Structure formats: structure tokens, C-alpha cells
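**Q** Sharing a structure, written as C-alpha cells. Questions coming.
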Amino acid sequence: PVHEQDHDEL
Amino acid sequence: MNIFRIIGDLSHLLAIIILLRKIWKTRSCAGISGKSQILFALVYTTRYLDLVTTYVSLYNTVMKIIFIAVSIATCYLIYMKFKATYDHNHDTFRIEFLLAPAVILALLINHDFTFLEILWTFSIYLESVAILPQLFMVSKTGEAESITSHYLFALGSYRALYILNWIYRYHNEEIYDLIAIVAGIVQTALYCDFFYLYITKVLRGKKLQLPA
């Protein structure tokens, strides 16, 4: 698993 | 998007609507911590600045605008419109003890040392402790109106559901964000004793009484 880059969550 | 995040966001939306409606209908903010509401307004305004730079989806944009608008409107009701009903004496948590560590931690532990990323990280850390003034106020007054406890339950559930969302994304999408996960676990942990009281008392029709 990779680290999430873009903050697509609220 | 997954079911945990959708229910979590709706629970979050429900919480802030319950609170705004309660203050508006009763024309009073008794029992509500204005300090927590200031912190939440700060959380959303610092986190959602990317509204102007990146477009994720219509849902994402609409929800961000609602969260910012409702949190600011709630602060307006508490500190301006219904200021006379604001309970200064019980809303005494020193929020500088939450703001300073959040700023320092955001500068030390972040994914990227850029302006928007530091603000996002500050917002994540601050959100995890933003409810403390409210929980502190409930413990000081020794009780909370049932509508306030429904607000707290919905607000606490939102981040608990986000934890399930992060587990889901880790396994299905193979992505994770450690800062959000750790802060989300801390945030949910702070509600644990409240969740216990809510389920054992409020759901049985009793008033939420905290051992003062």
C-alpha cells in the first residue's frame, strides 16, 4: 500500500 | 468513495445541522461550548482552502462549503446573536493549549512542508482535540441536554466511521494516510466514555449525567 497524496476526503 | 465514508460524512453533516438547529430553535446556546465551535470553524477553514485550488468532485465541494458555512453560522449565533445565553462560566477550557501543540506538531510532522499541506495537517491535529472544550463543559456542568448528546454522538460517530473507511481503503485501494489515521483514532478515543454514557443512559431515555 502506498501513502495517499491527494486529500480527497473531507 | 465507500459506504463508511458516506455514512460518516452524513453523520458529520447531521451533527452540525442538529447543533445549528438547536441553537436557532431554542434561541439559546446554553450548554454549548463556543470554544469548540471556534476550533471547528478553524478546522474547516484551514482544511478546505484547497476549495480554490483543486476540484475533487461536486459532492466534495458542496460538503466543504456547507461545513464552512454552518460552522461559521454557529459561531455567529453563539458569540453574536444569542451572546446573552452563552455560558462563559462553564466554557473555560484554555484552547491555546490545543492550538499551540497542533501548530508545532503540524510543523514537525507532516507529509510536505508547503503552506497548504501544513494547514491541512494543523487542521487534522486540531480536529482530533477540538471537542475537548465541549466535553470539558459537559463534565463541569455535570449534564447535557439530550439534543446536545445526540449532537456529540453523531459527531463522534463520523470519525469512528472514517476509521472503517481507512481500513477499507487500505485493503481495497491500497492507500492510507497515517497522519489522518492516528489523529482520527485519538479523536474517536476521546468520545469513548461519552459513547458509553450515551448508549447506557440517553438511549434509555435518561438524562446524560456525568459523575461531576
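Even glycines carry a Cβ here, placed using N, Cα and C.
Checked TrEMBL, it gives:
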TRANSMEM  B:62-80  transmembrane segment
TRANSMEM  B:92-109  transmembrane segment
TRANSMEM  B:115-138  transmembrane segment
TRANSMEM  B:150-169  transmembrane segment
TRANSMEM  B:175-199  transmembrane segment
**Q** Under an 8 Å Cβ to Cβ limit, what residues of the same chain, 6 or more beyond the ends of the transmembrane segment (B:92-109), are close to it?
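**A** 33, 35, 38-39, 118-119, 121-122, 125-126, 129-130, 132-133, 136-137, 140, 179.
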**Q** Short question: which residues 6 or more past the ends of the transmembrane segment (B:115-138) have a Cβ under 8 Å from it?
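**A** Distant Cβ neighbours of the transmembrane segment (B:115-138) are 31-33, 35-36, 39-40, 42-44, 46-47, 49-50, 53, 87, 90-93, 95, 98-99, 101-103, 105-107, 109, 144, 148, 152, 155-156, 159, 179-180, 183-184, 186-187, 190-191, 194, 208, 210.
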